[in-house]
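Listed in Swiss-Prot:
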type: COILED; residues: 192-244; note: coiled coil
type: COMPBIAS; residues: 1-14; note: compositional bias 'Basic and acidic residues'
type: COMPBIAS; residues: 46-59; note: compositional bias 'Basic and acidic residues'
type: COMPBIAS; residues: 60-73; note: compositional bias 'Low complexity'
type: COMPBIAS; residues: 153-167; note: compositional bias 'Low complexity'
type: REGION; residues: 1-109; note: region 'Disordered'
type: REGION; residues: 127-188; note: region 'Disordered'
type: REGION; residues: 244-260; note: region 'Essential for Sas-6 binding'
type: REGION; residues: 246-323; note: region 'Necessary for localization to the Golgi'
type: REGION; residues: 246-286; note: region 'Necessary for localization to the centrosome'
Amino acid sequence: MTEKFNGFSHDEILKITGVKEGGVGKRPASLEAAKPALRIQPGIRRMPDKIFRQADQLRKQQQQQPQQPIQKPDVAKKTKSGTATPTEKPPTPTPAAEDDVANGSLNLDRPLSDSLIEALYHGNATARDKKTPATYADAETTSTDDSSILKISGGDSQTTSSTDDGSILPSTQDTSPRERLNTDSPFKGISLKDFEQHRRMIEEQNKQKKQMLYQAIEQHTQKTAAESRKIEEIRHELSKLESDLAVDVALLRKQIDNACIHFANVEKQYVKIEAQFLRAKIELHNASEKKELLTEHLCTVIAHNEDRKAQKLTELMQKVGLSPTDDCQPIDLTQQSP
């Protein structure tokens with residue numbers, strides 16, 4: 001499609017509704033006479049039943065809420081004309097209502113978006129008509145025909161109810177000249193067939209986008225699960241390494257403790273043996289000195305004994321009258337000894 005759907009032209013709407021050019025606010029002469037002419041019009045379809053069910057649920061919810069007292073006829077006339085007294089103030093939208101409207105416009109499960117409803121029914125929706133996505137049927141003041149794909153904008157000024165809900169006729173209530181149909185729609189100039197094709201294409205694109213989103217979410221979920229498994233495996237390996245390291249460290253610490261104990265015992269033995277060695281060495285040195293002293297003393301005793309013996313023999317020879325010869329003189333060992 002090269003062109004956007006700009007809505008139905010004014011001539012097509014007048015041809016379908018049966019309203020003449022000069023009489024916008026006038027009703028057809030006969031409702032029954034207009035039905036056969038409108039039934040043969042091609043391309044007009046009933047709105048989905050889902051929207052009707054939503055409208056019925058909305059009516060029930062509004063009826064269950066605490067209803068305000070019934071307005072008097074003069075107040076109803078003021079409501080029709082769209083004017084209000086200076087003392088009356090229009091209701092101000094609350095933040096909760098604005099949040100509900102914003103959340104409703106983002107709902108992907110809805111059959112029609114707000115912009116599409118505005119294009120089909122009212123063109124650019126005014127602030128008076130922007131209440132909820134299905135507030136085109138007001139249970140308190142209006143009861144309009146919701147079975148037509150076309151809807152002449154009447155807002156709150158439509159007070160007469162339609163007796164034929166299954167008819168394809170649009171709403172035939174009286175409208176003021178200033179509330180004429182707004183045909184400035186973005187889908188103006190495109191037939192219903194092209195609009196249906198465009199709608200189906202948009203729905204197919206939305207389905208493809210949803211499928212792509214679901215696939216992306218599934219891939220992200222699978223990727224996250226795989227990363228979680230990898231992280232869990234890494235944690236398991238790290239815990240295993242830490243446990244093996246703890247076992248090895250405990251074993252080595254035990255061996256080191258045993259080696260320390262053995263080293264202490266050997267060191268004690270070494271110190272003891274070293275002390276014994278020093279003691280034995282000292283004893284050996286003392287014994288050697290004592291041996292030398294005793295040997296020297298023995299030699300001295302022997303030498304002195306020989307000297308005394310020689311002197312005694314000399315004295316005895318002199319008493320006898322023998323003279324000792326030179327050869328028999330005693331040898332002084334003390335002089336020869338170094």
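Each Cβ is built from the backbone N, Cα and C atoms, and glycine gets one as well.
Here the coiled coil (192-244) has a mean pLDDT of 92 out of 100. Using DSSP to sort the residues of the region 'Necessary for localization to the Golgi' (246-323) gives these counts of helix, strand and coil: 75 helix, 0 strand, 3 coil.
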